[in-house]
Amino acid sequence: MKYADEFRDKEIALGLAKAIRAEADPRKPYRFMEFCGGHTHAISRYGLEDMLPKNVRMIHGPGCPVCVLPAGRIDMAIRLAERPDIILCVYGDLMRVPGSQGASLLKAKARGADIRMVYSTIDAIRIAEDNPGREVVFFAIGFETTTPPTAVMIRLAGKKQLENFSVFCNHVLTPPAMQNILESPDIRNIGRVEIDGFVGPAHVSTIIGTAPYEFFAEEFGKPVVIAGFEPLDMMQAILMLVRQVNEHRHEVENQYSRAVSRDGNLRAKEEVSDIFELRDQFEWRGLGQVPYSGLKLKRAYAKYDAEVRFDMNELRVDDNPACECGAILRGVKKPVDCKLFGTVCTPETPMGSCMVSSEGACAAHWTYGRFRDHQQRRAS
């Protein structure tokens with residue numbers, strides 16, 4: 001398949017792996033965080049870590065929007081959905097994300113709450129049109145990639161004069177989270193992680209461009225390479241990071257130039273800035289309160305803001321203390337470091353959000369990595 005098979009060529013991948021081994025200095029570590037959940041999935045799916053020398057380590061960051069959603073926001077959505085006049089529209093990944101005390105949207109639906117899975121923002125608009133006597137709330141979630149469709153949906157609701165439609169906004173931003181990790185490496189008792197460079201997200205960067213990452217190269221001295229999702233994309237990006245570290249450079253390089261530009265999608269960014277504004281702070285699972293990292297609807301669109309419309313109170317709840325999802329999202333621990341992984345916590349019975357989404361580090365390792373763990377234990 002054109003534009004896919006070319007980036008999965010085995011011989012080229014082996015050549016890139018050989019180049020990384022040749023250029024990585026065995027006397028020092030190379031610690032690179034991939035921020036995008038799609039990259040985490042690709043690394044596990046294609047076994048890329050097995051091709052790297054032991055001193056080149058990939059650290060899984062908080063790049064999965066479902067994974068970083070705090071339990072309190074799930075509880076807020078459940079409370080809303082339990083109202084008899086509400087239809088809550090959500091994406092499928094959200095249904096099993098655990099809230100407090102084992103609660104989830106899926107369990108709330110089983111108890112009778114009218115929670116409907118949708119595949120696009122347009123589906124939610126249609127449900128609102130078909131149910132004029134009910135309040136329809138869309139559970140908006142995602143990074144910069146999925147924010148423009150939500151903005152377009154709100155504008156469309158205005159044009160259609162939908163009075164029974166609103167949005168529970170949970171859109172978050174990538175650069176503030178990256179800054180939080182670099183500025184606050186020690187959070188509670190989770191621990192510290194050293195980072196030598198970033199593999200920048202692909203889809204997010206198609207929207208915001210490469211320019212926002214220049215801050216991290218200039219102020220923190222951390223190289224950033226924007227990469228695509230295919231195995232050759234990732235291997236080339238890692239080689240580019242190794243070379244920057246060896247040459248004591250800290251620049252933003254764009255490996256994914258076939259889809260990403262410096263300025264990004266100007267039309268999409270304008271649409272978002274027209275509808276949304278920054279929150280003073282927003283809670284991330286694993287990171288805590290991150291300043292200016294979340295979006296909310298501007299005052300002009302407040303009637304479409306479910307938190308305003310239904311006077312929703314912010315809920316903050318503690319995560320399961322046995323679950324290491326917070327430390328995994330910060331890159332401090334790996335899925336196998338969690339005592340729950342593969343025992344009581346599986347994709348069928350997730351105890352933490354990292355096991356829910358296919359882009360979560362735990363779900364990716366469960367699907368692709370646990371068999372290698374077993375082989376390594378047998379070999380040892």
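Placement of Cβ uses the backbone N, Cα and C atoms for every residue, glycine included.
Long-range Cβ neighbours of C67 (Fe cation binding site) (same chain, at least 6 residues apart, Cβ-Cβ under 8 Å): G37, R285, G286, C325, L329, S353, C354, V356, S357, E359, G360, A361. As annotated by Swiss-Prot, Fe cation binding site applies to C36, C64, C67.
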Cβ atoms near C64 (Fe cation binding site) (within 10 Å, other residues, all chains): 29
